[in-house]
Amino acid sequence: MRKVYLIGFMGCGKSVIGKRLSFATKMPFYDMDYEIVKKTGMTIPEIFESYGEERFRDMETEFLRTFRDESCIIATGGGVPMRKENREIMRKSGLVFYLNAPFRDIWRRISTDRNRPIVQQSTRADVEKLYNDRKPHYFNNAHFKVETERRTLREITDYMAFQVGRLKGDK
Ligand SMILES: Nc1ncnc2c1ncn2[C@@H]1O[C@H](COP(=O)(O)OP(=O)(O)OP(=O)(O)O)[C@@H](O)[C@H]1O
Ligand SMILES: O=C(O)C1=C[C@@H](O)[C@@H](O)[C@H](O)C1
Ligand SMILES: [Mg+2]
């Protein structure tokens with residue numbers, strides 16, 4: 001296995017669980033959003049504001065195409081699985097875990113976060129529609145579906161570390 005990708009909607013826990021999984025598996029961890037912020041020297045709201053969402057999406061694809069060939073854990077941005085090319089790269093280069101969380105949990109976590117431009121520009125109903133539209137893309141493109149509802153971060157991480165350990169060396 002080369003890479004472990006975490007996919008799912010904003011606030012499902014990709015970044016926080018990715019870090020913990022890195023600790024549990026001793027694999028390095030990278031957060032795509034953070035890598036893009038580091039490379040551009042801009043925050044995500046600034047990138048959306050200055051260049052528009054489409055350019056941000058191109059940066060995500062560029063990251064997947066060019067990121068170093070290393071066994072590692074990658075927390076993807078919430079919109080990454082919407083592009084066919086992104087899905088193909090992820091499935092070819094590693095294992096894909098979908099973190100599923102109910103919309104009410106997601107909304108509680110993200111509604112007041114100013115660092116997510118899509119949330120800032122939308123109503124709750126808009127974000128819920130986006131959640132429902134995206135769900136099949138997450139679901140149909142993951143090797144593993146992880147239910148996070150009523151599970152602690154520890155329980156989720158332990159389950160994922162077990163699956164990663166079991167499959168290490170298979171790919
Ligand atoms: N299962 C969980 N139990 C408790 N808190 C959680 C759980 N999952 C996520 N959280 C909390 O929700 C918040 C959002 O999580 P996180 O930033 O990891 O989401 P994300 O999937 O990386 O979102 P984005 O796509 O916007 O980067 C964090 O404060 C995190 O600690
Ligand atoms: O779901 C999305 O479209 C996004 C999620 C975040 O991870 C960031 O990549 C950005 O805020 C867009
Ligand atoms: Mg994140």
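Cβ coordinates come from backbone N, Cα and C, glycine included.
TrEMBL names Gly11, Cys12, Gly13, Lys14, Ser15, Val16, Arg116 for binding ATP. Of Arg83, Arg150, Arg151, the residue it gives for the same site is Arg151. On a Cα basis, Asp33 (substrate binding site) lies 13 Å away from Val16 (ATP binding site). Counting only the Cα atoms, the space from Arg116 (ATP binding site) to Arg57 (substrate binding site) is about 14 angstrom. Every protein chain shown contributes to the tally, and the Cβ of Val16 (ATP binding site) ends up with 16 other Cβ atoms within 10 Å. Annotated pair Lys14 (ATP binding site) and Asp33 (substrate binding site), C-alpha to C-alpha distance, rounded: 11 Å. Around Arg134 (substrate binding site), taking its Cβ as the centre, 18 other Cβ atoms fall within 10 Å, counting all chains.
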